[in-house]
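What follows is a short report on a single structure.
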Amino acid sequence: MAAAQGPVAPSSLEQNGAVPSEATKKDQNLKRGNWGNQIEFVLTSVGYAVGLGNVWRFPYLCYRNGGGAFMFPYFIMLIFCGIPLFFMELSFGQFASQGCLGVWRISPMFKGVGYGMMVVSTYIGIYYNVVICIAFYYFFSSMTPVLPWTYCNNPWNTPDCMSVLDNPNITNGSQPPALPGNVSQALNQTLKRTSPSEEYWRLYVLKLSDDIGNFGEVRLPLLGCLGVSWVVVFLCLIRGVKSSGKVVYFTATFPYVVLTILFIRGVTLEGAFTGIMYYLTPQWDKILEAKVWGDAASQIFYSLGCAWGGLVTMASYNKFHNNCYRDSVIISITNCATSVYAGFVIFSILGFMANHLGVDVSRVADHGPGLAFVAYPEALTLLPISPLWSLLFFFMLILLGLGTQFCLLETLVTAIVDEVGNEWILQKKTYVTLGVAVAGFLLGIPLTSQAGIYWLLLMDNYAASFSLVIISCIMCVSIMYIYGHQNYFQDIQMMLGFPPPLFFQICWRFVSPAIIFFILIFSVIQYQPITYNQYQYPSWRVRIGFLMALSSVICIPLYALFQFCRTDGDTLLHRLKNATKPSRDWGPALLEHRTRRYAPTTTPSPEDGLEVQPLHPDKAQIPMVGSNGSSRFQDSRI
């Protein structure tokens, strides 16, 4: 009996990941656990938001859309859409202390939004770890005196290969001389010229097939690196946020050390200033183009990780009164500042490369895998001690990818554990994590085949594109207009001690949904069939891409119909009201925080536990404070 009455039961210790010597009294929620401290949450969220796209997509978008002029619409979209949506998702998860499924006790009919988030996180988690595994492969390949993509004398090279370092008198540790005019002219005019880095990527690493349907063989080196990547992710999450919260002290901060080292090295190179000017020189006429604003809005939306479910999940492990408003501003600004900073790192090196080749910067600028695994590695071969710079660059990519991957996996695991919710699965959370990791590894195997890059880009372009916009829009509408904006504002005031600022109230109700709708319309208008270099995807593969996108969105109406059919009511309208109003257990997870309108009307029994208590037994009545200070109840959310 004494053990049962102690402050912490053994099952709680095992579930929340605390080691025996770690004082769990710091955790408010003994059932789920909390972050060790607030720095862990901030670093984890920074690692989640700051990913590969900050390095390989934003600098190219900025250069293509007017240079420094692109910063204006970019930061406008950050202020009016990015930060408000970030704050909404953090406050949503923190208030309920639930993952992306459990939070929809707020309006059970919209629980399909949570399932849609899970589907999106599954897709992203599968292909994102394949990108990390390729970075691992390049990292291991850089542990040589001479980078394997430096010269054209390898078995996989073709007669079209041309390298500025093919001269045998040039060693890897010497400063490359200026290019002769005839070589520069040849590089400009020879259409067949391929670089050693491009052939290494296409003919050796990928052994790229000629069609998306021709899978060929599984590339065993990539498969091994994929296994390494998933093992690392699993080990870092073996105790949930208790273990990942310690890892992020390194994974979320060291990339900035590497960026700074690469920046200092880059700006000291000849031609770096030219590259930076290409990146920053404003073309103010571009601001009048709708495409620039659309790209800015899309980049803000996708780079912050909105509607993936990760923000809700990470915030659910916060203590109830944590200032998530402050955190959302800090993390969002850090994410965008990192994107701008990475642009200096990328374009300083590309400017140096363009200067060496005697070509325009636009000829070497690229984005996506082409930048990370072809253009930038080729530029690194021009530097003295190039393997060192290559090791640093790919180690940075690995850490950036892992920071996002941690949250993607934890999103799925938390959703499963919260949904099942019994004591057995709480004690076996580590096995759930292992099961999800193994499933992710198996599903990623086709992406390591010779046609894998085609499928990876297909998933990247469709699985997490306009579906995220739809999910985010429905989330905004359901919280602000179905649950009720006044209800939600009062929830935040109860949690933080102050209501959301007026600016955020306006953004949540009007501005942000309008911007999200604009992004959706822009995505439809600007849609172009996916291509990879000169390869045109067959129409049937594009249809598969659309099916992947719809698979997450379709969860919303299907679950709404399911919930509507299983809800009691005398009339259709009555059933609709019952299906959309909050569940009885909606609200703060801990009894000590269920005050005022969330206070239980009956004394909870020991079997019910102390974490989650029911609301009023008849209906989830939420009192609203009128203008005269009196209290009134709002039953309907419609």
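Glycine residues also receive a Cβ, built from the backbone N, Cα and C atoms like all the rest.
Swiss-Prot has this to say about the protein:
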- 1-29: region 'Disordered' (REGION)
- 1-40: topological domain 'Cytoplasmic' (TOPO_DOM)
- 41-61: transmembrane segment (TRANSMEM)
- 69-88: transmembrane segment (TRANSMEM)
- 112-132: transmembrane segment (TRANSMEM)
- 133-219: topological domain 'Extracellular' (TOPO_DOM)
- Asn169: N-linked glycosylation site (CARBOHYD)
- Asn172: N-linked glycosylation site (CARBOHYD)
- Asn182: N-linked glycosylation site (CARBOHYD)
- Asn188: N-linked glycosylation site (CARBOHYD)
- 220-238: transmembrane segment (TRANSMEM)
- 247-264: transmembrane segment (TRANSMEM)
- 300-317: transmembrane segment (TRANSMEM)
- 329-350: transmembrane segment (TRANSMEM)
- 383-402: transmembrane segment (TRANSMEM)
- 431-449: transmembrane segment (TRANSMEM)
- 465-485: transmembrane segment (TRANSMEM)
- 506-525: transmembrane segment (TRANSMEM)
- 544-562: transmembrane segment (TRANSMEM)
- 563-638: topological domain 'Cytoplasmic' (TOPO_DOM)
- 597-638: region 'Disordered' (REGION)
- Thr603: phosphothreonine (MOD_RES)
- Ser605: phosphoserine (MOD_RES)
- 627-638: region 'Essential for interaction with EXOC1' (REGION)
- 627-638: compositional bias 'Polar residues' (COMPBIAS)
- Ser630: phosphoserine (MOD_RES)
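Among 41-61, 247-264, 383-402, 465-485, 465-485 has the largest number of CB pairs under 8 A with the transmembrane segment (69-88). Per-stretch counts of Cβ pairs under 8 Å to the transmembrane segment (220-238) identify 431-449 as the leading one among 247-264, 300-317, 329-350, 431-449. Remark: the transmembrane segment (247-264) contacts the transmembrane segment (329-350), by the rule of 3 or more CB pairs under 8 A. Among residues of the same chain six or more beyond the transmembrane segment (431-449), those with a C-beta under 8 A of the stretch's C-beta atoms are 122, 125-127, 129-130, 133, 209, 215-219, 222-223, 226-227, 230, 233-234, 237-238, 240, 409, 412-413, 416-417, 425, 455-456. Only sequence-distant pairs (6 or more apart) were considered; of these, fewer than three Cβ pairs between the transmembrane segment (544-562) and the transmembrane segment (329-350) are under 8 A, so the stretches are not in contact. Stretch with the most C-beta contacts under 8 angstroms to the transmembrane segment (112-132), considering only 300-317, 329-350, 383-402, 465-485: 300-317. Against the transmembrane segment (300-317), the recorded stretches 329-350, 383-402, 465-485 differ in Cβ pairs under 8 Å, and the greatest number is found for 465-485. Within its own chain, the transmembrane segment (465-485) is flanked in space by residues 85, 88-89, 92, 106-107, 110, 113, 116-117, 120, 301-302, 306-308, 505, 508-509, 512-513, 516-517, 519-520, 523-524, 549-550, 552-553, 556, 580, 582, 622, 634, 637-638, which lie at least six positions past its ends and keep a Cβ under 8 Å from the stretch. If one looks beyond the transmembrane segment (329-350) by at least 6 residues along the same chain, the residues whose Cβ comes under 8 Å of a Cβ in the stretch are 42, 45-46, 49-50, 54-56, 58-59, 62-63, 71, 74-75, 78, 82-83, 86-87, 256, 259, 262-263, 266-267, 269, 272, 275-276, 278-280, 299-300, 303-304, 361, 364-365, 371, 375-376, 379-380.
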